[in-house]
Structures are given as C-alpha cells and as structure tokens.
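Enquirer: This structure is in structure tokens; I'll ask about it shortly.
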Amino acid sequence: MKRSSALLLMIRILVVLQCLTVFSIAQDGDFDFFYFVQQWPASYCDTKQSCCYPTTGKPAEDFSVHGLWPNRNDGSWPSNCDNDASFDESEVSDLIERMQKDWPSLSCPSSDGVSFWTHEWEKHGTCSLLNEHQYFQTALDLKQKSNLLRLLNDAGITPGDFYSLQSIKDAIKEGLGYTPFIQCNVDESRNHQLYQVYLCVDSSASDFIECPVFPHGKCGNNVEFPSFSSVSHDEI
Ligand code: 5GP
Ligand code: 5GP
C-alpha cells in the first residue's frame, strides 16, 4: 500500500473512532440527575377520577414509588431510550413482593402492577443506564432510605389533617437533609392535597442530592394530608 493511501486509511479510522466516542458520550451523558418520585396513595384516590385498589390487595397507608426519572439540569428529560426493551418480569422475580408492596398501581381497572412497572421501565428506566433489575432495586432501596412517612410523623405531620406547605418541606429537609419538591392535586372539595414528593438523586443513583432544578407547579399554602382510610375507591 502506498504511503499516502495508508495515511488516508489511518485518518479515516481516527475519524470513525472519534465519532464513536462522541456518540457514546452523548448516550451516557444524556441526563444529569434523577427525580425520585413518590406518591401519596390517598391523594391519588381522593380526586374526581378516583382509583382502583390493586388485585394484590389494598396498599398500606404509606408513600409508594411512582418512578425514578432521569432528568437534565435544563429541566428537559430523555424518554423511551430503547424501543426494543420491554419489561421482563422474570428479571425481577426476587423483587416482585417488594414491588407489590412499595410500587403498587392505583389506576383503574385494578391491576397487579405489571402495566405500571412496564410503563415506568420503558419510558424512564431505559434512559437510566441501569439494567432492569438495578432500576427497580435502586428505586425500592431509595424509598426505604427516604422513609418519608416516618420523617413527617416525627415532625407531627400525620394523615387526616391540613399543614402548611413550608412545614411539610421543612420536615423532609430536617429528616433527610435535602429539600423536596411537593406536588399537589385537588380533591373533590377543591382542597389542595399532598400528592407527590420529588427528591433528587445523583446520576449514578446512589445518593440524594439537592435538586439542580425543580419541576413547575404550585401548591396552596394550606395543604391537606388525607388519610387513606377515609378515601373512596372503585371496586372494579
Ligand atoms: P404530569 O404532566 O402528570 O406531571 O406528568 C406526566 C408524566 O410526564 C410523568 O409521569 C412523567 O413520566 C413525565 N414527567 C413529568 N414531569 C417530568 C419531569 O420533570 N421530569 C421527568 N423526567 N419526567 C417528567
Ligand atoms: P407517567 O405519569 O410516569 O408517564 O405515567 C403514569 C402512567 O402510569 C399513567 O398512564 C397512569 O395511568 C399509569 N399508572 C398506573 N398506576 C398508577 C399509579 O398508581 N400512579 C400513577 N401516577 N400512575 C399510574
């Protein structure tokens, strides 16, 4: 091979290698942190749309996982990063009991949770750089680590009453060390109620961090923390 064509070949190889590197950085660095989102089941149920208890039984009166969502510092987020990936229950068979307890689905009609887990895995999990088992185990462990209900109870915030938004945020900041974002929804009497708590987690999903950016949305100053036992649900 002539020296000039060998040089040309080397340049081509270098260009291809550089493209591959840039592509893989773009894939790996497509988010900056996670939102770890937990829902208060009573507030999911206590709205016009109501809810349906899971086929596996009425959930405990505790926060439950909604999802672990990769997010960017500019507020945007990737979603559905692998169209070929689908939720495979056999990969999380050792976690199913915990998922039924801590990640139940309350939408109607009643379900065993698989469609909710499938949705969260395909939309958010496939962008997380975690495999399916790691994704679900990490979220379950974060739920346990945050122990939200206990933190609120320790600050005198218990279900069945109204509290100031600030006192709810302060209780979580005091107990966990990080400021949460509180998302409210509205019950049938138009009361604002504590619906979801967003905590931020570093991009390797190992520790809580202060949120680089908060989602949009506002609660009133007086927020209901409804009791699960007082809420109606559909029997379907
Ligand atoms: P909603 O509009 O009900 O707040 O959100 C609908 C869905 O969009 C959420 O369940 C979640 O999948 C996604 N989503 C909403 N806000 C955010 C966000 O700030 N970050 C990420 N990663 N996903 C979000
Ligand atoms: P996201 O809002 O994360 O995109 O997705 C929520 C989807 O999961 C919606 O299609 C919603 O109907 C379904 N879903 C099933 N069970 C639940 C549940 O218990 N809570 C919430 N927030 N969504 C659920």
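The backbone N, Cα and C atoms fix where each Cβ goes, and this holds for glycine too.
Relevant sequence annotations retrieved from TrEMBL are reproduced here:
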- His66: active site (ACT_SITE)
- Glu120: active site (ACT_SITE)
- His124: active site (ACT_SITE)
- 1-26: signal peptide (SIGNAL)
Enquirer: Counting all other Cβ atoms within 10 Å across every protein chain shown, which of the active-site residues His66, Glu120, His124 scores highest?
Expert: His124
Enquirer: Any idea what the Cα distance is from His66 (active site) over to Glu120 (active site), rounded to a whole Å?
Expert: 8
